[in-house]
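What TrEMBL records for 29-55, 67-90, 110-131, 138-158, 164-190, 211-230, 236-263, 292-312, 324-350, 362-384, 390-409 is transmembrane segment.
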Amino acid sequence: MLVTGIYVTIDGIFVGHILGEEGLAGIMLAYPICAVLYAAGALIGMGASSLASFHLGKGEGGVARHIVGNALLMVVLASVLLGGIGLIQGEALLRWMGAEGVIFEAGIDYLHWYAGLGFFAVLSMAFTSLLRNDGRPGLTTLILVTGGVLNVFLDWLFMVVLPWGLAGAAIATMLSQAVTGVWALSHFFTSRSGLRIGRDTLRPNGRLMLQTLRLGFSSFLMYLYLSVVLTLHNKALLWVGSALHVAAYGVISYTEAFFYLIFEGIAMGIQPIASFNAGAGHRERVLRIRNLALAVTLLVALAGVVPLYLWPEGAVWLFAGDNGALLPVAVSGIWLYFWGLPMEGVLLVGATYFQAINRPRIATLLTGGKLLLIGGLLFGLGALFGVSGVWLALPSCSVLLTLVMVLAMRRERRGDYS
């Protein structure tokens, strides 16, 4: 996920330097709609990964294979449904987001390409997670590195050599997702896979599908939360600020995405280990890996927060160059926003831990709680303190939910994960 974070960052650098603040604003208004595709991939991939690992821990390999086969069916269904909605309702959704003029034209090009090729986004998200669970973390890393390098090259080709604007950025991302998704999927049709997909595993099993969706629901909420947070920030910033503040939020979001993807990598790394050991009844191993993951997450977050507070101008320059209008707005946002980064990472790892040990209610409480709280905090604090209140909303939400997570971990005493 560090590799993914790097190429997401480079993608933002291309957009900010080539298209300027209008490009950053356009992608910030369009991306929340596109992010629902990744939410669907996380729902299927993390749910199937947790469930398959749990059954492998119990020695039920045949059931685990059936789960993976049914995951492929769900990927196809989800991508057709969501892609169709994006193509048919994309313009109306983008207008509702507040896009107009040049920003709308750029955003709709981005959205249409994302929706049209959305199958690959869902496939890549789901099956790179499953590939890691099949005992191939090295291959997963190779696939993600290849996709990242390809994405950077295609960004350069479609945005610099061929000036296709945000449409070029979307095409570059989707072609890279096609490579990573198809490559990851192909592994499950080979004899090297312990979760090989065959004709028998493609028979729909409603019970396994529902269990997959139940376990993956907290991951879905994590990504849906990302979409909702981006949307509500955009709406709130346009309400108390301007499009310039949305562009500043673009700088903040790209910076945060780099660290968030590292946190996600830590969370995904503990999931198969925790699920397998939970299924086998090894409680102490589960607790050790959880505590190690939380410690590493805090160290990574602090390593990010310190330089951001010492030199916030560096992050703005990285994504927007020497933009005199954007610089003071973005620096102010960085100061008020990033103190909550450690809590964001801890919450992601904590929710994945509860998901991995078959405690979907607690995982859903943590992720769903964000969805319930963030809107009220954004518009409540925005009404009281203007743009500063909008910047403070997310870290305030993270503090409250971190307290809930700590209480849940203290109450989680039972050693039976069945």
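Positions of Cβ are set from backbone N, Cα and C atoms, glycine also.
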Residues outside the transmembrane segment (236-263) whose C-beta sits under 8 Å from one of its C-beta atoms, at least 6 past its ends, are 1-2, 4-6, 8-9, 11-12, 15-16, 21-22, 24-25, 27-29, 98, 103, 230, 297, 300-301, 304, 308, 315-316, 319-320, 325-326, 329-330, 333-334, 337-338, 341, 344-345, 348-349, 378-379, 382-383, 386-387, 389-390, 393
For the transmembrane segment (324-350) and the transmembrane segment (164-190), does the number of C-beta pairs under 8 Å, pairs 6 or more apart in sequence, reach 3 or more? no
Same-chain Cβ contacts of the transmembrane segment (390-409) under 8 Å, 6 or more residues past its ends? 229, 233, 236-237, 240-241, 245, 332-333, 336-341, 343-344, 346-347, 350-351, 354, 362, 365-366, 369-370, 373-374, 377-378, 380-382
Surrounding residues of the transmembrane segment (67-90) on its own chain - C-beta under 8 Å, 6+ positions past either end: 33-34, 36-37, 40-41, 43-45, 48, 51-52, 55, 108, 111-112, 114-119, 121-123, 126-127, 130, 185, 188, 195, 197-198, 200-205, 208-209, 212-213
Positions whose Cβ lies under 8 angstroms from the transmembrane segment (362-384), at least six residues beyond its ends: 217-219, 221-222, 224-225, 228-229, 232-233, 236, 239-240, 347, 350-352, 354-355, 390, 392-394, 396-397, 400-401, 404-405, 408, 412
Can you name the far-off residues of the same chain, 6+ from the ends of the transmembrane segment (211-230), with a Cβ under 8 Å from a Cβ of it? 28, 31-33, 35-36, 38-40, 42-48, 50-51, 67, 70-71, 74, 253, 348, 351-352, 354-355, 358, 360, 363-364, 366-368, 370-371, 374-375, 394
Ranking 29-55, 110-131, 164-190 by Cβ pairs under 8 Å to the transmembrane segment (138-158) puts first 164-190
Intrachain neighbours beyond the transmembrane segment (29-55), with Cβ under 8 angstroms and 6 or more residues off its ends: 61, 63-64, 67-68, 70-71, 74-75, 78-79, 82-83, 86, 90, 93-94, 97-99, 103, 106-108, 110-111, 114-115, 118, 121-130, 132-133, 166, 170, 195, 208, 211-217, 219-220, 222-224, 226-228, 230-231, 234, 246, 268, 271-272, 275-276, 278-279, 352, 355-356, 358
